[in-house]
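Taken verbatim from TrEMBL:
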ACT_SITE  A:T186  active site, nucleophile
BINDING   A:T153, A:K175, A:T186, A:E266, A:N388, A:S393  substrate binding site
Protein chains: 2
Amino acid sequence: MSVTAAQGFTAGSTAAGLKTTGQSDVAVVINHGPMFSAGAVFTRNRVKAAPVLLSEESLATAHRTGTPITTVALNSGGANACTGAQGMRDAASMAAAAGAAVGAGYEQALVCSTGLIGTLLPMDALTAGIAAAAESAGDSAEHGTGAAQAIMTTDSVHKEAQVSRGGITVGGMAKGAGMLAPQLATMLVVITTDADITHKQAQKAVADAVTTTFNRVDSDACMSTNDSVILLASGASGVKPSQKDITQMVREVSADLARQLVADAEGASHDVHVTVTSATTEDAAEAVAREICRSNLVKAAIFGNDPNWGRIVAAAGCVPEQVAPFSADDLSVTVNGIEVCRGGGVGRDRDLVDMTPREVEIVVDLGAGTASADMWTNDLTHDYVEENSAYSS
Amino acid sequence: MSVTAAQGFTAGSTAAGLKTTGQSDVAVVINHGPMFSAGAVFTRNRVKAAPVLLSEESLATAHRTGTPITTVALNSGGANACTGAQGMRDAASMAAAAGAAVGAGYEQALVCSTGLIGTLLPMDALTAGIAAAAESAGDSAEHGTGAAQAIMTTDSVHKEAQVSRGGITVGGMAKGAGMLAPQLATMLVVITTDADITHKQAQKAVADAVTTTFNRVDSDACMSTNDSVILLASGASGVKPSQKDITQMVREVSADLARQLVADAEGASHDVHVTVTSATTEDAAEAVAREICRSNLVKAAIFGNDPNWGRIVAAAGCVPEQVAPFSADDLSVTVNGIEVCRGGGVGRDRDLVDMTPREVEIVVDLGAGTASADMWTNDLTHDYVEENSAYSS
């Protein structure tokens with residue numbers, strides 16, 4: 001069930017003192033081969049943290065030259081974002097420490113950081129911690145869960161997932177305290193597989209999988225400066241899957257982890273699943289789903305257990321015609337199985353809707369085509385406001 | 001100081017019983033000429049309320065044929081949105097009653113509604129109310145403030161503004177309880193002037209004025225189904241202003257009313273003024289300002305009196321490069337006069353920032369050009385969540 005579930009991977013962690021609580025805060029994931037393929041998707045935010053800039057560059061070089069990617073080092077307790085030239089030097093030192101731990105150079109390591117923006121990392125503690133974490137990995141696959149715990153920030157539980165079939169295993173870990181505070185709680189994900197795939201196949205698998213999983217979880221309308229989803233492949237199973245099969249397995253693990261992120265939204269009282277159907281294209285369906293997921297009025301109504309279809313329809317109406325063609329008169333909205341809006345107007349009695357389950361299912365039918373898409377968000381609660389106003393980040 | 005400040009206008013209001021509280025809920029504004037020009041801007045939401053659809057059509061016809069626009073009827077206590085064919089018939093009946101009150105047809109009246117979505121208006125009460133409101137207008141200009149009060153929903157104060165110079169007066173009224181709940185509290189604005197201008201000039205004046213005033217107030221990222229800004233011109237001053245002069249006067253009244261909307265955000269503890277400077281274009285500056293104004297993380301931090309520049313920078317970074325070219329390394333952020341972020345990194349000590357004033361001034365310098373734009377929003381507070389979750393709408 002962890003980042004070491006796939007053959008060929010070990011992981012370690014340690015408390016290096018980056019977190020003032022004394023909890024573990026550094027993790028290392030090591031690929032023992034025989035393949036050392038990797039792919040990754042990083043934040044699209046133009047303000048990228050130093051570890052993202054460095055990892056993007058190292059991965060691009062690896063893809064161009066065939067350099068192996070042997071390790072990933074991660075830390076909580078500091079994001080190393082908006083830290084200028086010193087931040088870049090620190091990210092390089094972090095990668096060098098991670099590479100050295102497996103007898104390689106900095107160019108074979110990817111790095112991820114999460115925590116406060118605008119403060120420099122305590123590099124002595126961090127580099128010592130990376131060495132200690134790598135040491136603790138030993139040669140067993142037992143320490144995957146410890147790594148998942150070391151990357152937690154405001155998470156209440158660690159997050160792991162695994163899929164095995166056809167002789168291949170894909171496992172992974174993620175951190176992110178729901179999508180309620182993506183900047184406080186940057187989303188970091190490491191997925192491993194023992195499939196025998198190339199850099200190029202790994203890149204395609206992770207890029208495709210993210211599109212319909214992590215990119216479909218939205219509450220704050222913004223990726224953080226540090227978001228990273230990394231896939232490592234060891235080839236240790238000796239099985240060469242088709243692109244379609246490995247992509248599907250990575251997608252399943254990603255979907256499982258993404259759902260865990262939504263469920264761990266501590267400030268939330270509802271997980272909200274928005275499905276848009278009968279759209280002209282999947283992109284159109286996604287655009288409408290995203291607009292609904294981003295509406296504070298919709299999210300606050302759900303917190304109040306109010307199946308407020310007027311707000312849902314008004315949010316849908318904010319999507320430009322050229323993005324999602326539909327007629328307002330054709331809209332229907334179903335909340336937890338009750339079609340409260342039909343033909344753009346009043347449907348069944350909204351008092352029939354049972355809003356007590358934690359999971360709220362919203363289905364919006366555009367009546368315009370045959371495509372669909374779904375997305376997850378949470379409700380807007382007092383605890384969200386409290387978490388994001390009472391604590392600096 | 002009101003919608004009857006300009007020569008040639010009267011207004012009336014009454015309690016027709018649409019509001020369960022017994023407060024006034026119907027208003028009529030009457031143009032006595034000699035000119036009967038009008039222009040208007042309506043919501044861009046694709047889900048438009050019946051009164052918006054009807055008024056858009058009537059105004060387009062008037063502009064094409066030269067038909068005078070003699071009256072505007074407004075009601076609170078019901079939005080007449082998502083009400084289908086019956087809603088359209090009701091909007092037409094409302095316009096007919098407003099026209100009849102001044103001895104004209106329905107095509108000379110514009111109509112506005114605000115309140116709950118998805119419920120039909122009590123038409124007998126409403127049409128009787130329109131007649132009574134018109135009757136109460138009499139021939140004096142004394143009742144402008146009563147009209148401004150009759151269109152209030154969750155507003156805590158009525159809103160009026162006036163500018164006079166060069167022999168011309170522009171006055172207006174608005175409703176909208178801050179931008180905190182634009183769907184609960186649709187923005188309705190009626191502005192009047194005694195300038196001698198044509199339909200075409202009126203349309204240009206109001207369209208231009210809205211761009212840099214009402215369109216620059218943003219908190220929920222969405223216009224409501226009913227938003228309307230209407231300008232009526234009587235020509236009673238006999239003064240023919242230049243297009244530039246009348247547009248500027250309408251802009252000043254609009255800016256005054258827009259600022260009053262922000263100030264009346266009952267759930268808010270801060271009014272937030274975001275100015276983006278050194279952008280390549282005004283559109284680029286506006287896009288960055290809007291993204292910051294829409295960030296729940298920024299807004300919650302301000303509620304917590306935290307000058308959290310990391311969240312501001314991260315929000316700016318979410319604007320696509322092609323929309324607003326700038327380099328993350330060139331960003332600076334000044335909060336209430338303290339440059340807390342400089343060159344994309346740490347600037348002056350954020351503890352120096354005094355966050356106690358209700359008005360928070362955020363200036364983001366993109367370092368990319370010479371254009372600028374500003375925008376208003378409010379902070380995200382517990383009261384916002386409460387207002388929008390505890391009460392259905």
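Quick reminder: no glycine exception, Cβ is built from N, Cα and C everywhere.
All TrEMBL annotations are machine predictions without curation.
A map of TrEMBL features onto the structure.
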| residue | record | CB count, 10 Å |
| --- | --- | --- |
| A:T153 | substrate binding site | 21 |
| A:K175 | substrate binding site | 28 |
| A:T186 | active site, nucleophile | 29 |
| A:N388 | substrate binding site | 27 |
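Across the structure, A:K175 (substrate binding site) and the residue listed as 'active site, nucleophile' are spaced 7 Å apart at their Cα atoms. Listed recorded positions (A:T153, A:T186, A:N388) with a CB under 8 Å from any chain B CB: A:N388.
A Cα-Cα distance of 9 Å separates A:T153 (substrate binding site) from A:T186 (active site, nucleophile). Here A:N388 (substrate binding site) is positioned 14 angstrom away from the residue listed as 'active site, nucleophile', judged by their C-alpha atoms.
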